[in-house]
Each structure stands twice: as structure tokens, then as C-alpha cells.
């Protein structure tokens, strides 16, 4: 299991938090995702054999946010 912090631009409210956390939770291999709005970050626990960082970034970007 890997823990990764991803920097995300454009999140500002609970709707943003829910959108990003839900998108990541749908990915096979993600065990948890927690958004920190103050830091513009999401902390993700995942199985690197089942999901890639690139797939997680795409899921976030598909919700309309920019991954830095």
C-alpha cells in the first residue's frame, strides 16, 4: 500500500471535496482519499499494482480540477 499526496488546484468547498473523493473512490485499488481544502491537496492510499498515479490524476482532472 502506498500513501501519496496530490496537489490539486481549484477545490474550494464541500462539493469539490466530495467530487474528488468520490472520483478517486471509484478507482479499483484506491482504499482511501481525503481532501484538505486548506492545503489544496488530496491524500490517497492505494495499491500500486491495481491503480497508477496517472489514473488518479485523470480522475481528478475529469472532475474539472487541475493537478499540479
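Including glycine, each Cβ sits where the backbone N, Cα and C put it.
Summarising the annotation, Swiss-Prot assigns domain 'HMA' to 2-68.
The Cu cation binding site annotation in Swiss-Prot covers 13, 16 and rests on sequence analysis. Sequence-distant neighbours of residue 16 (Cu cation binding site): residues of the same chain at least 6 apart with a C-beta under 8 Å from its C-beta are 10, 35, 37, 65.
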Through the lens of DSSP with three states only, how would you label residue 16 (Cu cation binding site)?
helix
